[in-house]
């Protein structure tokens, strides 16, 4: 079961003015389950996306980028595509590694939805998640589109969270609200993911919507920064997927003042609320990591750069030896120290890391310093911390002022079982 992940309360997921969501059971991979989602976006909205860095990216990712570029080019040249009007998401099939046919299938999906909704093809962003190297069952997917559009309502966020799940055990959603100049701004989001999770995006999908009025260029920069502080700070297994996507939508329907620059009133409040939502959704993916029994926070302080800190954090967080020790509730200091030591392979500036200066903490307990076990450390105290479902690991490098936090989970027997049986 997920590690301390609260169950979704549908009534708590605030509808976002200008957004409607609809789902269908298309039987793409599994019978009688939600597996197709359409999100309708009102005119005048700003939409921004961040996508996988995997060079083997899926066809829908390529088409998403193309359609976003078409919208941005239209804004400067004038044309018929005035903005993104809809998102369409299917689960059960990633449409990755499917060549020209995969691109044609992604485009055909957009064409059929465009006809149903009477909107331009280029105004639709397609997303797929599931098994790689299998072609989409287009007859099933296309048959589901009219049903999903018929189901469009403003309060479908909980069902939408369920409709994008694959190996997830639990749906993931979050909502919050801030006040700017006495006016409310709402933020609601959903995410999916449980395995093949590592930064630069992973096999995760995240969709966050707000009724704030944010210019397109500012939303683009905010989305990138928020992704770097949330979805790019998680790891379940160290694998980066072909399909990951993070989309932020600002409908502009709130009565609050427009936000056009980081210096504007309300910018920080809205940024913080978007970040809060995104970090919750990112951590929810880790809490629901395939077979996870522990949620682990790794904080690295005293680095020369954020890159140094994040590199060490992920070196610890994606180490199979560290993760299996966490599953066993084994306070194995050596495995953590070893992971710190080989982090220099990924970050050249760590080549001169003085291991005699660093300190390692489990929770608030000093467990290693001066190149070895702390003199005050007692194994039973470390064991007590490892027995907890949530574990904090802190590394103090004492070489600078930068820090970074990442979130990961343990490796259990079930992780192997889930992935060994994934295609069967």
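A Cβ is built for glycine as well, from the same backbone N, Cα and C atoms used for every other residue.
Remember, predicted model here, so these are calculated numbers, not experimental data.
Copied from Swiss-Prot, the annotated features are:
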BINDING   166, 192, 203, 290, 419, 424  substrate binding site
ACT_SITE  203  active site, nucleophile
Packing count at residue 290 (substrate binding site) (other Cβ atoms within 10 Å of its Cβ):
24
These are the binding-site residues: 166, 419. Which one scores highest on other Cβ atoms within 10 Å?
166
By the DSSP assignment reduced to helix, strand and coil, which category contains residue 419 (substrate binding site)?
helix
